[in-house]
Amino acid sequence: MAVTSPWFRAVVSAAQMQEIENWLFTQGMPVAALMEKAALQTAQRLLTLYPLSTYPRIGVVVGPGHNGGDGLVVARELKLQGYQVQVLQPLDKLKPLTQNHVDYGKSLGIPWVDGVQALAHCDLIIDALFGVGLTRLITGAIADLITTINNLPIPVVSIDLPSGIETDTGEILGVAVEADRSFCLGLWKRAYFQDRALAHLGQTELLGIGLPPQAIANVLGEVWPVQVLGADQAQQTLPLSRPLVTHKYQQGHLLLICGSQQYAGGALLTTLGARASGVGMVTVAVPMGIKALLHSQCPEVLVKGLLETPSGAIAGLGNLDLSRYSAVALGPGLGSDVGPLVEEVLSVNCPLILDADGLNQLAQQQLLPLLAVRTAPTVLTPHGGEFKRLFPDIDQGDRLTAVQTAAAMCQATVLLKGAKTVIASPTGPTWAIKDSTPALARGGSGDVLTGLMGGILAQPEKFDLAQRVATAAWWHAQAGILASQQRTILGVDAQHLAEYLIPACRQWLGPNVANWPANLSHSS
């Protein structure tokens, strides 16, 4: 079976991971061999990150299953490298393979300790209690053990997943280890993209364990159902190369409908995001009262002044010809007193992005069913509160399932904003944005994203719409990360975020930036 995506992009459930492993075992791979591969990769990474000179004393907390077995192999390897290792095994009943590693570890002289306080003098604690697949609540002595570990002033590394986190939903099963670092083994697990798990994961890293591509494809198919978007995909998705002979109208024409007297900045920030996308033309439709502001701040865009309500919001689109544009984005800064704009734009025969007050109007006027009959694609970009108003019956606890359910329900591409933004469409894979920054938790950040996304969707298509939406979210996050590195988390206001979009692009393109066509023949 052909494989179209590198293994490190796949995101799997506990059941899918178990099925992949079972396929390996039916093909003849010993369970012990897979455990050795996973644990040796973990041990090697620990040797790099936690050198003997700084972290000589290691405590390993092991559970009854194969996660505990992984921990015991790690304990063995660290012992052989000169670390002072001790093991805490709070449960007596073990799987046979795990028991084998207990016996071997004791034969090497690794000490077993009886209580968590015996680990208080350690320099590092390794959590190998439960890992992937746990579904029951943690109570009693084990809950007390985890609470004590969390209260110790010692760094904790979890193997595969912090103990106490449900693998698929990220739910905290009563109590969970608060790791400083988590090594995800083999393939990303869904919990790594659930906001409610993030406080327990710490820094995250995927460790390859040599899973054959055919094993993954046998379970997930040729295209992974849930994928992490990476820099290489973003680069391929963006229209970075252009024909030698081109002009602005061939590079897309984006219409932004946004802004009000109260939220004039929303229109400006959306425009700044669009400007960075490379789209050929941008038209901004705003209330007449803020038209001059847009002209003065963004002289290269076309500004349409629209009739406004007494409070300074857009009253209606008037004679605006929606057929002229290759994408339309509506919502940022419109305010609550805006006219019935959403119903007016639903007829556009091009990608339509609804954000902010556009989403609120969609919910208030119960227009969601109309999206299913649109002939052109629709993109909804809610944060958690807007999502609840649009889809009150969908539980957001499991964000991946929630966004997939919403996309299927309304037949639109849905981007659910959060610390881990996720994107789903009615067909095709669900995308997850792995890296972001809390610096983006600022007013106007979403406006910049809407403009950037609109500019990308307005340009000639290279990949499916959901992947282009995900690329906009990924680029937006990378700009936030770069800006926070240079300005600190406190210094990333939305205007500066927009200014970092192109520097972020140059950074992840690296040497390839020199390969962009530098001498394009064009007409303005």
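Even glycines carry a Cβ here, placed using N, Cα and C.
Keep in mind it's a predicted model, so treat the numbers as computed, not measured.
When Swiss-Prot records Asn67, Asp127 as binding K(+), the matching candidate from Ser53, Ser107, Ser163 it lists for that site is Ser163. With the fewest other Cβ atoms inside 10 Å of its Cβ, the least crowded of the binding-site residues Asp160, Asp447 in this structure is Asp160. The DSSP breakdown of the region 'NADPHX 2' (383-389), given as helix, strand and coil counts, is 6 helix, 0 strand, 1 coil.
Long-range C-beta contacts of Gly333 ((6S)-NADPHX 2 binding site), restricted to its own chain and to partners at least six residues apart, with a cutoff below 8 Å, comprise Cys258, Gly259, Ser260, Gln262, Tyr263, Ala264, Gly265, Gly266, Ala267, Thr270, Ala356, Asp357, Asp447. According to its DSSP assignment, Asp447 ((6S)-NADPHX 2 binding site) is helical.
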